[in-house]
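Peer 1: Annotations per TrEMBL:
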- A:7-69: domain 'MIP18 family-like' (DOMAIN)
- A:114-151: domain 'PaaD zinc beta ribbon' (DOMAIN)
Amino acid sequence: MSKPSLKQVWEWLDAVPDPEIPVISLVDLGIIRDVDWQEDTLCVTVTPTYSGCPATSIINLDIETALRDHGVEKLELKRQLSPAWTTDWLTDKGREKLEKYGIAPPQPAGGPKRCPLCGGTDLEKISQFGSTPCKAHWRCRACAEPFDYFKCI
Amino acid sequence: MADKLNKNDALFQFLLRLGDNTLVLGHRVSEWCGHSPVLEEDIALANTALDMIGQTQFWLGLAGEVEGKGRTADNLAFLRDVWDFRNLLLVEQPNGDFGQTMMRQFLFDAWHSIMLGRLMKSSDQRIADIAEKASKEVAYHLERSADTVVGLGDGTEESHAKMQTALDLLWPYIGEMFVGDEVDAEMVKAGVAPDPASLRDEYDALVGRVLADATLAIPDSKFAHKGGKTGMRHSEHLGHILTQMQWLQRAYPGATW
């Protein structure tokens, strides 16, 4: 096959869902740091969200599976720790999708802006940690529903 | 020691110290899984343990690379015996009650966050990169453990008494964090890591501030239990941890899933 363009590869990766929050893609999550052809080998550089995130190995597997399905034969996955992943790298599209899905997107102020369910702003933190390493647990006092907040780091 | 320690050996030992701290404490904290006082705390402790085990994979992975004998992070975690572990005595101490666990976590997080901050400027780029990643997670751990220590210390009469007992019990394990040896001297010389003693002032200021908010009294004694980071004299607790942590790889060598 001829080498697909880098733009094409980014589009393919943007169709690979995050295994734990499938509403956003790996590109939305901001963990794909670089895509590059080194002669006939496609190098994809990935950074982990959290050191112990159990999804890391699944993510690598999903990237490999997706690109192989699109006919990429020679593939190298590189791990990059620095600069450390930050929620600033979440795409705007990703933030919108998170909120629609019921997860409040990260805010520089350190807490959710509004309840992703009813839009209420009278909120309280239940726990600094949540159902995955990247989330905290909050509650809306207006609708009384608990919700996930994507931690800002 | 008759033989002079070479730089590579020292670097290997230094990385084991970092990785064994997070491995042993990560395992200890994971013992709470399913047993915490409330669900939110259970999740928080499990997440903290998970971060520490993740950091262990980086530190011990690099240690194996530096050693150059083909040992992986898993080999180092599951196939060494007590005397080859290099963690601080503090992190192998039993969980006790929830307050004691959070006090131990706070006393460690405070040191850990300062240490990682310094390591971000390490002359060894691999160490600086891991420290940068880990320090973001540890800042979060510290925020939580400090808040919890204040909440319980400045809480009810009973919670205050439990936290003071925990502090009195654990304080003698603090001194070991700041005692340097020939491994540290070699790391300082190479610009890899700071002199452990140089962290003490910042530590005392941070811990002093939080414990004052928690209305807890820092014990007078300067006595320090030592022997964890050198591996010379671990407490009996480490062996018991390893029997749990390592039994699967010992019983079924090389088992994978």
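Heads up, the Cβ atoms here are built off N, Cα and C, so glycines get one too.
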Peer 1: Could you tell me how many residues in the domain 'PaaD zinc beta ribbon' (A:114-151) are helical, how many are strand and how many are coil under DSSP?
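Peer 2: So the counts come to 0 helix, 16 strand, 22 coil.
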Peer 1: Just give the helix, strand and coil counts over the domain 'MIP18 family-like' (A:7-69), going by DSSP.
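Peer 2: Summed by class, the stretch gives 25 helix, 15 strand, 23 coil.
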Peer 1: Please work out the mean pLDDT for the residues of the domain 'MIP18 family-like' (A:7-69).
Peer 2: 95
